[in-house]
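Peer 1: Here it is: the structure, laid out below.
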Ligand SMILES: [Mg+2]
């Protein structure tokens, strides 16, 4: 069957308050690869995240273009997909083209509670936070105020919403003494209602110590990304989750981790050691988010993904995320940088 392909470069304006590793992100730049074979179409999003991805958008675009040209000529699309964002987007497009990515998605996600709304200071402030009705899980970022204030906010939230479970994320903000201070101010009864805390400390070893001392379930995010970035990292032979053992959950951000096949292998390895996995977004557009929702529903049917990032955008791309009222920009309105 005849193959053809297109590569689109999109630019989507962001909400004003998006700061990544100290830099304001005013627009999101990424690529959509579109594969066609006969009547079939497969798309994938390639969107390196500034401050987190090793590659920049231009590098990812060039590598994607190279891979698409080879694919149209009959070669394996993954042969030269080295950057994680490229490997993820192209593998997703190939999977969709082959009809292997199930259409079914669960669009339920874990709402990210806005930091401003819980940072009012007084203990009662967090209790007034609008947690969506019927919400069983919510996510809260920590580490921007004092550890003590964070603990007070968490306790107030859990007290005000007796059936709520929290996912916490400190993004490596604390030293071990600071993490201990957080735990000291947390009500002991609330520890089991914290599904996990991502990366409490700067050093992974301190995260493990903290988790052992406090009984708070630990999740790896940045540490997992760092592990897969090692130059000698090969999933098939070398990679063991041993170095990451002791955690309750792996937070898998495919754009930062790599191909769908690599994500699947990670999930399988995690499951073999009794570790949970959660698929999470790296500020993909509504197109990429929708595919992540499908991926999560397929690979981790019992897990609610962390995809509550669309409200950080000012528009969606091509596909409407259920319930979102943001305007939708069409792919055809974006720059088509290449077409075979
Ligand atoms: Mg995280």
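Cβ coordinates are placed from backbone N, Cα and C, and glycine is handled just like the others.
Feature annotation from TrEMBL assigns active site, proton donor to 141. Marked as active site, proton acceptor by TrEMBL: 253. Per TrEMBL, Mg(2+) binding site is recorded for 169, 198, 221. TrEMBL lists 120-217 with the feature domain 'Mandelate racemase/muconate lactonizing enzyme C-terminal'.
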Peer 1: Closest to residue 253 (active site, proton acceptor): which of the recorded positions 141, 169, 221, going by Cα position?
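Peer 2: Comparing Cα positions, the candidate nearest residue 253 (active site, proton acceptor) turns out to be 221.
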Peer 1: Using DSSP with the three-state reduction, classify residue 221 (Mg(2+) binding site) as helix, strand or coil.
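Peer 2: Coil, per DSSP.
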Peer 1: Can you grab the distance from residue 198 (Mg(2+) binding site) over to the residue listed as 'active site, proton donor'? Cα atoms, rounded to a whole Å.
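Peer 2: About 9 Å separate the Cα atoms of these two residues.
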Peer 1: Hey, how far is residue 141 (active site, proton donor) from residue 221 (Mg(2+) binding site), Cα to Cα, in Å?
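Peer 2: Checking the Cα atoms of residue 141 (active site, proton donor) and residue 221 (Mg(2+) binding site) gives a distance of 13 Å.
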Peer 1: Beyond the listed site residues 169, 198, 221, identify every same-chain residue whose Cβ lies within 8 Å of the center of their Cβ atoms for the Mg(2+) site.
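Peer 2: Near the Mg(2+) site, the remaining chain residues are 167, 168, 170, 171, 197, 199, 219, 220, 222, 251.
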Peer 1: When DSSP states are folded down to helix, strand and coil, where does residue 169 (Mg(2+) binding site) land?
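Peer 2: The residue in question, residue 169 (Mg(2+) binding site), is strand (DSSP, three-state).
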Peer 1: Hey, what's the Cβ neighbour count for residue 169 (Mg(2+) binding site) at 10 Å?
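Peer 2: Within a 10 Å radius of the Cβ of residue 169 (Mg(2+) binding site) lie 24 other Cβ atoms.
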Peer 1: Which one of these active-site residues, 141, 253, has the sparsest Cβ neighbourhood, judged by other Cβ atoms within 10 angstroms?
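Peer 2: Result for the active-site residues 141, 253: minimum number of other Cβ atoms within 10 Å at 141.
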Peer 1: 141, 198, 253: which of these recorded positions put a Cβ within less than 6 Å of any ligand 1 atom?
Peer 2: 198
Peer 1: Sequence gap of 6 or more, Cβ distance under 8 Å: name the residues on the same chain that satisfy this around residue 221 (Mg(2+) binding site), in order along the sequence.
Peer 2: 169, 171, 198, 199, 251, 253, 280
Peer 1: Which whole number is the mean pLDDT over the domain 'Mandelate racemase/muconate lactonizing enzyme C-terminal' (120-217)?
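Peer 2: Average per-residue pLDDT within the domain 'Mandelate racemase/muconate lactonizing enzyme C-terminal' (120-217): 89.
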Peer 1: Let me check the 10 A CB neighbour count of residue 198 (Mg(2+) binding site). How many other CB atoms are there?
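Peer 2: Residue 198 (Mg(2+) binding site): 26 neighbouring Cβ atoms within 10 Å.
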